[in-house]
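> Can you keep this structure in mind? I'll have questions shortly.
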Amino acid sequence: MRWLLLSLIWLLLAPVAVAQDLARLNPALSKIIDQKGQVEITLTLSRPVPFRVIHLQKPPRLAVELQSTDLSGLQLLDLSRSDHVVDGAAGLVDPKTSRLVLQFDRPFVVEAVRTALPSEALRVVVALRPSSEAELAERALRQADQSKVNAAPIPSQTLSRQDGSRPLRVMLDPGHGGIDPGALAGDLTEAQLILGFAKDLQRLLQEAGMEAFLTRDGDYYVSLERRVALAQQAQADLMLSLHADAADDESASGSKAYTISEEASDRLSKLLIRRQERAAMLSGVDLTAQDDAVADVLVDLARHNTLPRSRALADAIIGGLQATVGDLHSRPRSEASFSVLKAAEVPSVLLELGFLSNPNDLERLTDPVWQGRAQQGILKALQAWAKDDAAEAVKLRR
Ligand SMILES: [Zn+2]
């Protein structure tokens, strides 16, 4: 049972670190290789840090979580010489923890974890042996039971609908972050670009008298479930998820606002959803994801009341951007089943500001003048929506 303990607990190799600097991975001394039917992962870090190994299933994956470690810039798949590794990602899962996730072509489980401390560095060797689906499932489930204990419940509060008598509460949700960089354009990541945009927008909304919050304020990973929970905990009047994705079709350009639908019809939404799902899967968030049939029914009921308000919000935002920047997608309004739009009581819109894959969009999206105009458009849109929405709330009350 020693392997099990090793794979479940944090290995505290150093007393509470005095050093504030983050450990770094040495790529030259790290590798992933096939060894007599097994897969062997060797990671060498600049100093000892606590770490743990997590089994994930469907698809078969292994995550190595490292505290106080910076994995930025790591090209994980470049380390791999294994024929069994089919995908991988590495990055922050919260401001102080990095995670590295490998996806395999078949189930593997941890056979042994060995550590060594060569000249103040930490070497971790994880040996994996092929297993059955059932064995991997059993190990993954045991961990999920443990993590549930620590998972914060999502409160189901009754929110008082905004009626103009108090400042509007806005949850801004910069997409991606950390282990999930989003779309890429050279050295620029969607996660970085959008975070800067969201922070500027937050300031603008606050100056206009609104209360504005962010689901993340740095380059770290936040699960889709957590983003939704944050909007609910903040009792936000609305949630605006911000993105600038890439499309295979380079001609795709302009801003586009999504509201939720059960059935995603258009091809692009399906692509975007697949990308979000890949990010969620590779970050290993399914560790805590749990669904409950009764909760689903309640969520559907609430969504039924929220959806018209979300649609009005999306229309307002597209109108605001039309008036200020004018660079809209050929179909600026669409519906998709993005998880982040599932905050049942909170009207939610996912805004694709533009496409990093389109050269004109890339130029606009990185231009501070364009950004400022787009932010003004969003501010005007939120003000207009809040006014109409409050009038409706007052009417419904009578
Ligand atoms: Zn995105």
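Placed from the backbone N, Cα and C atoms, the Cβ positions cover glycine too.
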> Looking at 147-167, 315-335, which one is region 'Disordered' according to TrEMBL?
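Going through 147-167, 315-335 one by one, TrEMBL flags 147-167 as region 'Disordered'.
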> Mind looking up the mean pLDDT for the domain 'MurNAc-LAA' (228-383) in the predicted model?
79
